Amino acid sequence: MKKVVTVCPYCASGCKINLVVDNGKIVRAEAAQGKTNQGTLCLKGYYGWDFINDTQILTPRLKTPMIRRQRGGKLEPVSWDEALNYVAERLSAIKEKYGPDAIQTTGSSRGTGNETNYVMQKFARAVIGTNNVDCCARVUHGPSVAGLHQSVGNGAMSNAINEIDNTDLVFVFGYNPADSHPIVANHVINAKRNGAKIIVCDPRKIETARIADMHIALKNGSNIALLNAMGHVIIEENLYDKAFVASRTEGFEEYRKIVEGYTPESVEDITGVSASEIRQAARMYAQAKSAAILWGMGVTQFYQGVETVRSLTSLAMLTGNLGKPHAGVNPVRGQNNVQGACDMGALPDTYPGYQYVKDPANREKFAKAWGVESLPAHTGYRISELPHRAAHGEVRAAYIMGEDPLQTDAELSAVRKAFEDLELVIVQDIFMTKTASAADVILPSTSWGEHEGVFTAADRGFQRFFKAVEPKWDLKTDWQIISEIATRMGYPMHYNNTQEIWDELRHLCPDFYGATYEKMGELGFIQWPCRDTSDADQGTSYLFKEKFDTPNGLAQFFTCDWVAPIDKLTDEYPMVLSTVREVGHYSCRSMTGNCAALAALADEPGYAQINTEDAKRLGIEDEALVWVHSRKGKIITRAQVSDRPNKGAIYMTYQWWIGACNELVTENLSPITKTPEYKYCAVRVEPIADQRAAEQYVIDEYNKLKTRLREAALA
């Protein structure tokens, strides 16, 4: 029996785990002494590992390459040589016929690791010749990256998660740490124990609201109106840090002019928050010696997501809560390596290390390093644009790695149509997902636990994860698969191990250069920027100590007028749907749904959280099946009745197959980042009279879908 150190493959807290291996099989997980988790884990950390053993609770592991010879036909098992040759030939032909931008690729924010994401974006740019590479940050924290880049020059958390423990105030805005990042929630609790004030801003009574000094239960979709009113109070009452504003920022007067029009009284109807509460929150935040803002997708998944990020950041600038310990702006990234996927350049506008593709010097640098004459100068397509790009014939092929857009993207009917329109769909994954079932080519890869590499935690912390067991089937690592396709397409790409890849990318990224494999070791946690390979440089806990990463070193004030969400409530669709997370399952559920303990927590068709008064008015009982309708479709789900949701809104998680709430969500893309407005969809909830028939319908539909995916996986 042995123990292998790794990093949890679920959320981005970056928890260290010891996998206990007996006779070549993982038998349990134990908490390790990681910097963030400090010997603790959540239930996913303890019980979220047995998917690797192909439990087939939900869907089987992919075990051999497969090709679908014609649309409508079955997937057929083939050798690796045949599959890789086929992919190389088809991609080359599409590139030749339609141009490189006819091919869309994705990185993966899950267990593939930073090295694989680096190789994938290099493949897209140097081999295909396109910047069409993206990752799931597009549908979650893309607005955080864009907004923070504009405001402070850096799109990541400005503080270490551990710093939360010793701040004087935690401002939790549009973020549910107990469900999304339980170990981060522990640090919020630590802060409370240490005397910190807690402000929670969320329409629901989330778990953190139970320990909050103040819970601002604002109306769905009113974020900017509230933030502008808080800024108004801080300036009006002379609570802002004049020295910080004068020496380290610019744009204050323009900001002041906008928030002047947002008195607390003027936004009471918009926000549903009293003027006195707004003033109390503004004073509490401004008067704290140090204050850390934590936000999640309750900020970013709105049409005005980027603007909300910048408005939050302006509050921090206004009060001098940047560039010092325990104070800052912190988008707590969702999936375990979504920060890493962005760090590695799995974005359509940046090379690794956030070096922008439109800068000629950056293009020249990476072209030289990768041995190509030139690289494309224009920003690539976003993955959320795929339905539109495919419909207009701009994208003809998609190479999807470790993502399940047919489950996780908005307006799923449009996404399905896009995949039908494509000439070639390549899926590289570990499970037969909905997206994999639509593929023309399946490339089965090793899983977390079967390979090694580096993840980046939400707070910029590089950590190594290690191989625990040998893969049982005919699998290759993700970076090996991509490298072999590149070589077959005439671009020799040969790596012997992940360290060779890591060292290549380090030398191209000054902020990452000092984070060597040796320095990370088993339990090391190196937060970029880390620019020196010496042991003296252990990374950077908090950012902006001396200057901001903007061109002139100054933070940029910004806000704008509040605009109502795009989807409108009507008599036909009188309630708001907001998609959320839950603690027991993760993302598209392909991993957690195949873990025995986690799968036992809940099953299809999932839940719609609904307020007790709304349920009573509609004649809906707790646990009853209901129909939820939107302008884009309808789904069946189970009512979860309580006083936690606000009246007039329902909340659903997106991982369920039958109760797939993304069937309902209208995309309503942000004009800046093309992030869908998952947090505001007009819906109607209807009770179902014949509950017995509805229960049987769920069972039948679930079994049909599981059977279809299992048959596809077994070819």
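In case you wondered, yes, glycine gets a Cβ from its N, Cα and C as well.
Sorting each residue of the domain '4Fe-4S Mo/W bis-MGD-type' (1-56) by its DSSP state yields 9 helix, 21 strand, 26 coil. According to Swiss-Prot, the domain '4Fe-4S Mo/W bis-MGD-type' annotation covers 1-56.
Other C-beta atoms found within 10 angstroms of the C-beta of CYS42 ([4Fe-4S] cluster binding site) number 24, with every protein chain shown included. Residues annotated as [4Fe-4S] cluster binding site in Swiss-Prot, with experimental evidence given as evidence: CYS8, CYS11, CYS15, CYS42.
As annotated by Swiss-Prot, active site, electron donor/acceptor applies to LYS44.
According to Swiss-Prot, the feature Mo-bis(molybdopterin guanine dinucleotide) binding site maps to ARG110, UNK140, ASN176, 179-180, 201-202, ARG204, GLY221, ASN223, MET297, GLN335, ASP404, THR408, 428-429, SER445, ASP478, 581-582, HIS585, SER587, 678-679. ASP404 (Mo-bis(molybdopterin guanine dinucleotide) binding site) has a Cβ environment of 22 other Cβ atoms inside 10 Å. Secondary structure from DSSP puts ASP404 (Mo-bis(molybdopterin guanine dinucleotide) binding site) in coil.
The feature active site, proton donor/acceptor is assigned by Swiss-Prot to UNK140. There are 23 other CB atoms within 10 A of the CB of UNK140 (active site, proton donor/acceptor), with all protein chains counted.
Annotation source Swiss-Prot lists site 'Important for catalytic activity' at HIS141 (among others). Listed in sequence order, MET297, THR300, PRO331, ARG333, GLY334, VAL338 are the same-chain residues at least 6 apart in sequence whose CB falls under 8 Å from the CB of HIS141 (site 'Important for catalytic activity'). The DSSP secondary structure for HIS141 (site 'Important for catalytic activity') is coil.
Using a 10 Å radius centred on the Cβ of ARG333 (site 'Important for catalytic activity') and all shown protein chains, the other Cβ atoms total 31. In the three-state DSSP scheme, ARG333 (site 'Important for catalytic activity') falls into the coil class. The feature site 'Important for catalytic activity' is assigned by Swiss-Prot to ARG333 (among others).
The recorded positions recorded for this entry are CYS8, CYS15, CYS42, UNK140, and the Cα of CYS42 lies nearest to that of ASP179 (Mo-bis(molybdopterin guanine dinucleotide) binding site).
CYS8 ([4Fe-4S] cluster binding site) has a Cβ environment of 31 other Cβ atoms inside 10 Å. Between the C-alpha atoms of UNK140 (active site, proton donor/acceptor) and ARG110 (Mo-bis(molybdopterin guanine dinucleotide) binding site), the distance comes to 14 Å. Proximity to CYS11 ([4Fe-4S] cluster binding site), judged by a C-alpha distance within 10 Å, picks out LYS44, ARG110 from the recorded positions LYS44, ARG110, ARG581. Cβ neighbour density within 10 Å is lowest for SER587 among the binding-site residues ASN223, SER587. Looking at ASP202, ASP429, the binding-site residues in this record, the fewest other C-beta atoms within 10 angstroms of the C-beta turn up around ASP202. Counting Cβ atoms from all protein chains shown, ARG581 (Mo-bis(molybdopterin guanine dinucleotide) binding site) has 21 others lying within 10 Å of its own Cβ. Long-range C-beta contacts of CYS15 ([4Fe-4S] cluster binding site), restricted to its own chain and to partners at least six residues apart, with a cutoff below 8 Å, comprise VAL7, CYS8, ALA31, GLY34, THR36, ASN37, THR40, LEU41, CYS42, GLY45, ILE183. Recorded residues ARG110 (Mo-bis(molybdopterin guanine dinucleotide) binding site) and LYS44 (active site, electron donor/acceptor) have their alpha carbons 14 Å apart, per Cα-Cα distance.
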